[in-house]
Amino acid sequence: MFVHIRDLQYRYSNSDHLTINKFNLTINKGEITTILGESGSGKSTLLRLIAGLEMPSKGNIMVGDDCMCSQSKFVQPERRGIGMVFQDYALFPHMTVSENIKFGLVKWSRKDKKARLQEVLELVNLEGYEKRYPYELSGGQQQRVALARALAPKPKLLLFDEPFSNLDADLQIKIREELRKILKTTGVTSIFVTHDQEDAQALADRIVILRGGEVSQNGTPEEIFGTDCDISDRIAVKPRVLSRT
Amino acid sequence: MNWIRNIKSNMNSWAILSIVFIILILLPNLSIIFQFFSEPNENWAHIREYMLNTYIKNSLILVVAVGVLSAIVGSSLAWIISAYQFPLRNFFQWGLILPLAIPPYIGAYTYHGIINYTGVIQTTLRNQFGVTVDQQYFDIMNMPGTIFIFVIFLFPYVFTITKAFLARQSTSLIENARLLGSNPWKIYFKIVLPLARTSIVAGVSLVILEVLNDYGVVKYYGIQTFTTAIFQTWFGLGDLASAIKLSGTLMLIILGLLIAERVLRGRKRFSFTTTKVKLLKPVQLKGVSKWVAFSYATTVFAVAFIIPFIQLIYWATLTYEQFFSEDLLSVIGNTIMVALIAATLITIMAIVISNFSRLHRGLTAKLFPKVTILGYSIPGAVIAVGIVTLFIGIDKFMYQNTLVSSYVLSTSIFMLVFAYVVRYLAVAYNSIESGFERIGTSFTEASRILGQNITKSFFKVDLKLIRGAIFGGFILAFIDILKELPLTLILRPFNFETLATNAFQYASNEMIHEAAVPSILIIIISAIAIYFFHHVLERE
Amino acid sequence: MKIKYFLLTSIILSVIFLAACGDDSTSDGDSNESSEEEINLYTSRHYDIDDELYKEFTDETGIKVNVIKGDEDELIERMKREGEQTADLFYTSDAGRLFRAKDAGLLQSIDNDTINENIPENLRDKDNKWFGLTKRARVIVYHKDRVDPSEVKTYEDLTESKWEDKVLIRSSENIYNQSLLASFIELKGREEAKAWAEGVVNNMARDPQGGDRDQAKGVVAGEGDLAVMNTYYLGGMLNSADEEEVKVAEQLGVIFPNQETTGTHVNVSGIAVTKHAKNKENAVKLIEFLSSKDVQKQFASANYEYPVNPNVEPAETLKQWGDFKEQDINLSILGENNAEAVKIFNEVNWK
């Protein structure tokens, strides 16, 4: 059990509605988990809670052996060792690709930084782009820089917030596959948030369906969508396996 | 348990500093706010019956008219200059901020000086053409004239803040709208105005506050406003308590409006964090529209800067000789030094408070900083009373406990600098807040997730992205301090003269010719600062 | 990165600077108590001639004059709060404000023969707590071509119906008008004073606007025939750098009102030693100096104010208007009645 979330609850200030309610989740090391939900289901909030960008009103979050958050403890995001790829990438516009990637390598030696830069650039297939500025890159390239930047400090856990929503359809499929390959190569545990079933199915080892801030289903893609129907059918198919939590 | 955790994890140095700063700002204002709740004395009935009704009406007319007109002038110019290329556009980018360098009361004296019986227009008509005109058509000392003066000398607040917003923010939206074939008018009304709402509101609220706390223009032009009521009560009736009670009322009304605006705005955010932050490329205008844009900008610039400036220069030629002395150099030195120090402090405090406010959830963190506006919302002379009370209180305490051998704080420039901070924090704050608003929070979040704490994130990421807004805030505060008057007059140490006090010395004795030289120097120093600011932005 | 250093450096510099300032004033303060070489002065007068006279005083006596110029009421508030650690002298251009300072217990009596000799009794406080240094008269000016000066002899004449829409006078916010009305309250009682104010409002050619000089210009421009203004403004216009202003002033005649009755309204600029003055002797020396014959002459010629020292003649510009009879009232009354005057102005809607 690498990630362990128990009874998580969250409420935006000046709202009386719980954005996240009694959320429980366990993830094994190296697993790719997708949280699937419609907009407003609380899935992005969930990701922000795990990253430490929001503070839950209740519940615990454990990553590895470390308690990130409990009733008496709250670890600031910069000390969690968790990586995140933002929906809009949030690449620093005033830095080059290499500066962006090296940004998170806080206490690394110059030499290690350089080596790691090359390593991740190779991983995302962007060698030679070091000197470019973000605005000089295409959407797909920007996304890969964002991935490289998140991977570079070797996070324990990697979070993706709607990673494909800014890309057009064919690129999306291509990058999706690439991404799964990269994640499996590095073996990093990761959580995706998406509203797109196709994404979820293509990427995930496990899918969690979120409705109104609560888990409505949790299982492997096969368990949830079945193995034999094609994607367009799946949307209509009633999931066969109910939540195990 | 839970709340200990919450407080602990929210208490970083930014939060602590913000709270300290805000308390410092609040201290001198508190006595004024509390006076609002005091029992009215025997003068109060008189004040209510004879002053408040008409005076409040005049204030409302002024505020609404000046607010609307400066929003229109400021935002339309900001839009034209951000989106289109036409002759002298590059100059107007900073030239249109210059009117801010002219203190409105000097502007008011100057325009009256141009238009009145001995002014250049009537004199020329009389002496060259033998025409003596009907005075009623050459009278600026009335409500429309007052509105005119405020709009032309204050619209740059809206212009600067809105332009900074438009230049960096809206590229994709505006380009899309253009591609969709919208005409400039439609883009202005349908996209620019709603999009830049926050910036325009920020600018307009500065304008309105300046109007509300002005006493120079309205006194000279004979328009009775709420401020008149405050000073009539204090100076005329000799009743400071009621004057402060009136000020406290004004302060609470303004605070209420600002909080309402903030609450109404709610969680609606207008920031975009797409990586494609690129400068809006101005479209080359052609034919008639090119000259329309050019004439519009030129007319505003001429009316708001060139004409009064030339008049001042003419007056200066009549009187300049008496000014050349060593004293003048030290006066210039004082002016620049004190403005630099105060503007730097103000900028730092504004950064700290606004960064704290935007990174913390909860209404308190959003509303708390609104107290920065307090010192800007009421006439300076009243603020001065609060500050004198505070500083002399501290001095007395130290003196009685023999920590010092005489009063230290209230006899040094410290008190004046502090007063400037209390007064003009709002100016820098509004500019910097709207800069932060533009970049949103996701760069900071990305940086924190990559292992940098809030402070490091600020220096490595945020600071670079809002450099323009920070410089903008600094420059606005700097210029405001250069021309500041009531605080400087009363809170300065012995023998401390600035250009503004020099100019006032003459203007208050109706010696506008003599006031021209120090006024021109204020304008020139401001102009250099504005140009420098523009240059820094341009390089980015 | 640069900005970071810029910010850091500025913080450090400001701290150092402020600390240095603090030190500075401490030493100033020390010398205040130990040496006899300076005086601290709060003044609401903003005239170049004052600065020159302080300099002259320093040259003559070696006593340095430290000055803060500000609004009189604000200075009074500052003195109230400063208590024992305050300025030595308070100098202002309105007897009413001197009364306020005295009333607040901020001043002390000075009994000095030289001063008493230089300044006539009616221009001093009855307890010798303040001393008039210059006089200014509030007069009526008229257009020489349009008005026969024999038709206007008194302030009361301004309310007559033949001057309907002909009278120019500035706003009631102005202290000179407040003092004028305060003197009428003393001389004629509240009711008559109010009737006078009402009458003037009825005859106003326009809503009050601008300063005294603007009233003079209004007469010449034909907006009205009569204006009320202080003498030294007219003096300033006659000697202005702008020839158009000179032309305006030359078309105007001066009437000293109420010569056969209560006299023309005068107010003074006056100076007072504060109750807690640390340098009382030096302060007295400055008053002696300012009331001395030579200095009074300079006052008179530079600022077109009337000297208080009976041995000094007014400036040429003023002399041509002749001598006049002044109101015979204790000037402290102006301060006592000031609030009442403001109330009357508001009641009759004198803007």
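Just so you know, the numbers here start at 1 and follow the chain as drawn.
Just so you know, glycine gets a Cβ as well, placed from its N, Cα and C.
TrEMBL does not curate its annotations; it predicts them automatically.
Marked as domain 'ABC transmembrane type-1' by TrEMBL: B:56-259, B:332-533. As annotated by TrEMBL, transmembrane segment applies to B:12-37, B:60-84, B:91-111, B:147-166, B:187-209, B:240-260, B:291-316, B:328-353, B:373-394, B:406-426, B:465-482, B:515-533.
Tertiary neighbourhood of the transmembrane segment (B:515-533): same-chain residues 94, 97-98, 100-103, 106, 109, 309, 312-313, 315-316, 318-320, 323, 331-332, 335-336, 471-472, 474-475, 478-479, 482-483, 499-500, 502-507, selected by CB-CB distance under 8 Å and a gap of 6+ residues from either end. The recorded stretches the transmembrane segment (B:91-111) and the transmembrane segment (B:406-426) do not share 3+ CB pairs below 8 A when only pairs 6 or more apart in sequence are counted, and are therefore not in contact. Sequence-distant neighbours of the transmembrane segment (B:147-166) (same chain, 6+ residues past either end, Cβ-Cβ under 8 Å): 62, 65-66, 69-71, 73-75, 77-79, 81-83, 93, 96-100, 102-104, 107-108, 111, 140, 192, 196, 198-200, 202-204, 206-207, 210-211, 214, 217, 221, 280, 300, 303-304, 430-431, 434-435, 438, 468-469, 472, 476. Among the listed stretches B:12-37, B:60-84, B:187-209, B:373-394, B:465-482, the one sharing the most Cβ pairs under 8 Å with the transmembrane segment (B:291-316) is B:60-84. Between the transmembrane segment (B:406-426) and the transmembrane segment (B:240-260) there are fewer than 3 Cβ pairs closer than 8 Å, counting only residues 6 or more apart in sequence, so the two stretches are not in contact. The stretch from B:12-37, B:60-84, B:187-209, B:465-482 with the most CB pairs below 8 A to the transmembrane segment (B:373-394) is B:12-37. Cβ atoms under 8 Å from those of the transmembrane segment (B:240-260) belong to residues 29, 31-38, 40-41, 43-44, 47, 205, 209, 212, 226, 229-231, 233-234, 367, 370-371, 373-374, 377-379, 382, 385 of the same chain, restricted to positions at least 6 beyond its ends.
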